[in-house]
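Here is what TrEMBL records for this protein:
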BINDING   96, 99, 136, 139  Zn(2+) binding site
BINDING   128  Fe cation binding site
Ligand SMILES: [Zn+2]
Ligand SMILES: [Zn+2]
C-alpha cells in the first residue's frame, strides 16, 4: 500500500516539475507510513539521523511544496504547530482532548452535506471539515488507573 502511494506521489511531483531530492523522498515516505499526523518538528526529529544537514525550515519548505502539489493537507487547530496529513481519500479526524492524538475515520455519508449546503444557500462549495473531540482509549485507561 505504502509503495503504491509513494510511487503515485512521486509521479505527481514529477508531473508538476518538482525535483525529487533524497530528503523529499524520505519526508513523503515518513508521511505516508506515519499514522500520527506529524508536525514539521516530529518529521525533523524522525529523519535527523539520516539527514544531519537538514533543518526544520527545510522540512517546512518541503511540506509547503507537497501541499501546493495537493499531496498533503495542513491541519491547523488554533495552536502554533500545524500537523500534516498525506492525502489519500477524504476522511475525518477524531482528536483527543488530553494528549492531542489524531485518528482518521471514514464517513462517506457527509458528502451529501456539501450538495445540501450549496442547494440551500446558493454557495459554490469548495470543501468542508469536521472534527470530533474526546478522550482516546489510552487516556481513558490512564485516568481510570489514577483513581
Ligand atoms: Zn489521549
Ligand atoms: Zn488524517
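Glycine is no exception: its Cβ is also placed from the backbone N, Cα and C atoms.
TrEMBL entries are annotated by machine, without manual review.
Model, not experiment: these values are computed from the prediction.
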Could you check the binding-site residues 96, 99, 139 and say which one's CB has the fewest neighbouring CB atoms inside 10 Å?
99
Starting from the Cβ centroid of 96, 99, 136, 139, which together make up the recorded Zn(2+) site, report each further residue of the same chain whose Cβ lies within 8 Å of that point, ordered by sequence.
97, 98, 100, 101, 135, 137, 138, 140
Cβ neighbours within the same chain of residue 128 (Fe cation binding site) - under 8 Å, at least six residues apart:
110, 113, 114, 117
Is it possible to get the count of other C-beta atoms within 10 angstroms of the C-beta of residue 136 (Zn(2+) binding site)?
18
